[in-house]
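Novice: Heads up, here are the entries from TrEMBL:
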type	residues	note
BINDING	H80, D114, E177	Zn(2+) 1 binding site
ACT_SITE	D82	active site
BINDING	D114, E149, H363	Zn(2+) 2 binding site
ACT_SITE	E148	active site, proton acceptor
DOMAIN	190-297	domain 'Peptidase M20 dimerisation'
Amino acid sequence: MQKVFDNTAETRQTPGETLSLALELLSRASITPDDAGCQTLIGERLARLGFHLEWMDQGEVRNLWAVRGQAGPTLVLAGHTDVVPTGPEHLWQTPPFSPRIDEHGYLLGRGAADMKGSLAAMVTAVERFVSAHPEHPGRIAFLLTSDEEGPARDGTRAVVEILRARHEPIDYCIVGEPSSEARFGDVIKNGRRGSLNGVMRIHGVQGHVAYPQLARNPIHQAMSALDALVSEHWDNGNEFFPPTSLQISNIHGGTGANNVIPGELEVTFNLRFSTEVTAPALQARIEALLDAHGLDWHIDWQLSGEPFMTVPGELTEAVSAALCEITGAAPRLSTGGGTSDARFIATLGPQTIEFGPRNATIHQRDERILATDLDLMSQALESTLDRLLR
């Protein structure tokens, strides 16, 4: 029987608890990979709730795995305390690490949306839930890192490998990435496309522009091949994913002189791919295309993440029901957008989603979210905990 979420005042903290924690986190200049004490602040609050804290730092990266409970399903709340650089601070309405609420009710500060606001909502939701249900079944865990906005090698990826080696289960995972679009709670990300990067070098023969017969211009040679690459139809996608796309992001060739034919051309590109194709298959098709154009080439490949998909089930239904209860509208499931640490967690926990505030201003100056959305998110997370761990 579905349990009814208790929305009475007795089970809730006074308004402003989530905002207060968010302001504390936002005041810390945790530019990746620096954590600036954010995880210590969160860890202290979790320890008071009976969480066991395990620090899994890797080099400069701060990682926290915190667990409460023993037997039963494990629900992980995951996120990152690092933020991207601010850019020129004088262009911000307010200093990026001096958060404030403007006259329109927006909370401004670097990390407001991505994703310190979510972290604050997670903590206060758990505080209320544990206070109301100290003997709850199952385990609640936090997985926090300061290496999501950077290379993402020593953060969540490393923690997941430790958990895998220990055979620690993850039954459900909510990553607090900003998933909402037009309004809070309108979109849940239940999957992401894979990301495959390539740095391609086309080799030619350097020479004088007046003697092209003695040189081989890699720029000229590559033009038709590059056109073929961007025109290629990779797949049709499916009901959950759009078709695979390839985008060229950088092209560099030449010495800077106007009388020298370059000896090499470097092209950087990225593919965002669906579950209809694999990374090795894409690599093979691209390499065959370059061979067909007679190029002397080399590619350094980097797979940033495989595509993942959480089939609608217990987790998506619980979060959707919570959002219907809190906002009055059902969310839409989506796999669009960029990659996140969910791609690593999904290899261990097949029910993994991203759910958070609006993403309209992430990585921009004057990053902001509606301050009232923090309370909505905290309430929705508490309702989700109630549905899955009661």
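Indices start at 1 and increase along the chain as displayed.
For all residues, glycine too, the Cβ spot is worked out from N, Cα and C.
Set these features in their place in the structure for me.
Specialist: The Cβ of D114 (Zn(2+) 1 binding site) lies under 8 Å from the Cβ of V83, V84, E177, P178, N359, I362, H363, E367, each of these being in the same chain and 6 or more residues away along the sequence.
Listed in sequence order, the residues of the same chain lying 6 or more apart from D82 (active site) and placing their CB within less than 8 Å of its CB are S30, I31, T32, P33, D34, D35, T145, S146, D147, E148, E149, G150.
DSSP assigns E148 (active site, proton acceptor) to coil in the three-state reduction, placing it in neither a helix nor a strand.
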Novice: For D114 (Zn(2+) 1 binding site), which of the three DSSP-derived states applies: helix, strand, or coil?
Specialist: helix
Novice: Relative to the mean position of the Cβ atoms of H80, D114, E177, the recorded Zn(2+) 1 site, which additional same-chain residues have Cβ within 8 Å?
Specialist: G79, M115, S118, E148, E149, V175, G176, P178, S340, G356, I362
Novice: Counting Cβ atoms within 10 Å of each candidate's own Cβ, which of the binding-site residues H80, H363 comes out highest?
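Specialist: Highest number of other Cβ atoms within 10 Å: H80.
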Novice: Let me make sure I understand the structure: which of the recorded positions listed (E148, E149, E177) has the fewest other Cβ atoms within 10 A of its Cβ?
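Specialist: Least crowded of the recorded positions E148, E149, E177, by Cβ count within 10 Å, is E149.
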